[in-house]
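As given in TrEMBL:
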- 11-89: domain 'Ubiquitin-like' (DOMAIN)
- 178-204: transmembrane segment (TRANSMEM)
- 193-443: domain 'G-protein coupled receptors family 1 profile' (DOMAIN)
- 210-231: transmembrane segment (TRANSMEM)
- 243-261: transmembrane segment (TRANSMEM)
- 292-312: transmembrane segment (TRANSMEM)
- 352-377: transmembrane segment (TRANSMEM)
- 397-419: transmembrane segment (TRANSMEM)
Amino acid sequence: MTGSCTPADMINLRLILVSGKTKEFLFSPNDSAADIAKHVYDNWPMDWEEEQVSSPNILRLIYQGRFLHGNVTLGALKLPLGKTTVMHLVARETLPEPNSQGQRNREKTGESNCCVILWDDQTSRNQLTDNGSTDGSQKKQVSMMGPEEKAAVVLNDTFVRPARFYLSGFTNFPHAKYYYLFLCFVYIMTVLGNCFLLTVIYLVEALHTPKYMIVFNLAFTDLCGSTALIPKLLDSFLFDRRYILYEACLSYMFFVLYFASVQSWTLVTMSYDRFIAICSPLRYHNIVTKEAIGLMLLFSWVSILCVVAYAIKLFDRLSFCRSVVVKSFFCDHGPVYLLACNDSSLNNIMAYIAFVAVLLIPFLLIALTYVCIGVALKRIASGEERLKAFKTCVSHLLLVAIFFVPILGTNIVSVVSYIHPNIRIINSSLTHTIPALLNPIIYSLKTEEVLASIKKLLKRSQNNQVTKKW
């Protein structure tokens with residue numbers, strides 16, 4: 001039933017589907033959520049034909065971003081009579097379980113196939129006050145409520161938290177497994193290359209300088225970032241274990257984003273080192289000390305930790321009452337928070353802040369340092385000396401281009417126009433993995449100091465072997 005004039009003893013419900021279609025129905029305060037679902041199913045509107053469901057039992061009402069239990073009545077929700085109230089109507093998703101053990105665990109814990117419901121009693125009390133109750137009357141109202149009414153008040157402040165997310169990965173992408181095998185090869189080479197570079201820097205005392213403190217930090221973050229991302233990616237898609245627990249998803253997101261962000265600011269620290277070396281060469285050893293570089297790196301780790309941790313913490317305020325399919329190859333920040341059915345504007349703002357703080361500002365700082373370096377190089381009279389000074393920056397410029405160009409390009413294109421999910425996945429996965437693979441190669445093959453140190457280590461190893469034989 002619908003009507004433009006709502007009777008004084010009835011409640012007009014405007015139901016909204018996920019597709020955006022709406023319809024109004026009249027109900028009495030005694031009607032429960034289950035009664036409403038049954039009535040809507042029996043009187044399914046003609047223009048909702050594409051959204052037709054097979055049973056009223058899978059229809060769920062969402063009020064203020066929260067699921068309503070089937071036995072909760074409209075009267076218990078204290079909805080105003082004679083007026084229109086907006087609710088969402090969704091079909092609860094039933095994705096297949098990854099294994100029988102998970103099903104047995106849910107049967108033991110009483111956990112549903114769709115979600116876990118959490119609530120905050122303090123928030124419930126605050127909302128009662130916000131709805132117009134005074135402190136005295138609030139306590140009286142709570143104490144006089146029946147069980148159903150108390151459940152309804154708590155329900156208004158529950159958050160739908162999925163037990164699992166599902167990583168979709170590629171869609172209609174032939175031979176995707178070969179691409180994942182390629183990433184497996186990339187990971188193996190990344191581990192070998194970065195471990196080798198870390199070992200060389202650690203063993204050769206001549207490399208215990210501020211510059212190679214930064215290189216060591218970059219190699220370490222490359223190793224950690226690749227380890228945070230690729231093994232789980234391979235497990236998800238090569239072995240078809242695409243379900244990931246809610247908490248594990250947020251942890252996955254934290255470590256991948258954290259190490260990628262530290263890489264970004266490590267490149268800024270490198271540009272600072274090159275800036276001082278070329279623009280103030282006589283003061284280089286007084287300015288760029290181990291203590292100064294150590295503090296800069298420590299500040300980067302701590303400040304980025306705070307930014308990323310806060311971005312992940314904001315997920316606690318989101319309610320996921322629709323799809324749990326993450327359209328990405330890992331628990332990426334954007335694809336996950338966009339699944340929320342309540343207000344995610346704060347998460348969106350935080351995403352822009354993180355983009356500016358982690359990518360845009362570092363890129364602009366690096367660009368500014370190279371403008372200053374370019375001005376300083378022009379002042380050098382000898383062309384040979386100018387080329388020699390510039391060669392010390394080549395390795396860093398390659399790292400900057402490899403890291404920033406793909407990731408900035410992807411983000412800018414996705415904002416101004418449409419980018420196919422498969423292309424985005426390929427671009428993002430290569431952005432997260434290829435720099436970590438190439439960094440040790442660039443610093444091993446393009447840097448004379450590292451090559452000389454490797455030769456020293458090999459010569460020392462050969463001498464030790466000869467000594468043992470004698």
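Positions of Cβ are set from backbone N, Cα and C atoms, glycine also.
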Long-range environment of the transmembrane segment (292-312) - Cβ separation under 8 angstroms, sequence gap at least 6: 210, 213-214, 217, 250, 253-254, 257-258, 261-262, 265-266, 268-269, 272-273, 333, 347, 350-351, 353-354, 357-358
Contact set, same chain, for the transmembrane segment (243-261): CB under 8 Å, 6 or more residues outside the stretch: 95, 97-98, 102, 116, 161-167, 221, 224-225, 228-229, 232, 236, 304-305, 307-309, 311-312, 315, 326, 330-333, 336, 354, 358, 432
Reported mean pLDDT - the domain 'G-protein coupled receptors family 1 profile' (193-443): 88
Composition by DSSP (helix, strand, coil) of residues within the domain 'Ubiquitin-like' (11-89): 19 helix, 27 strand, 33 coil
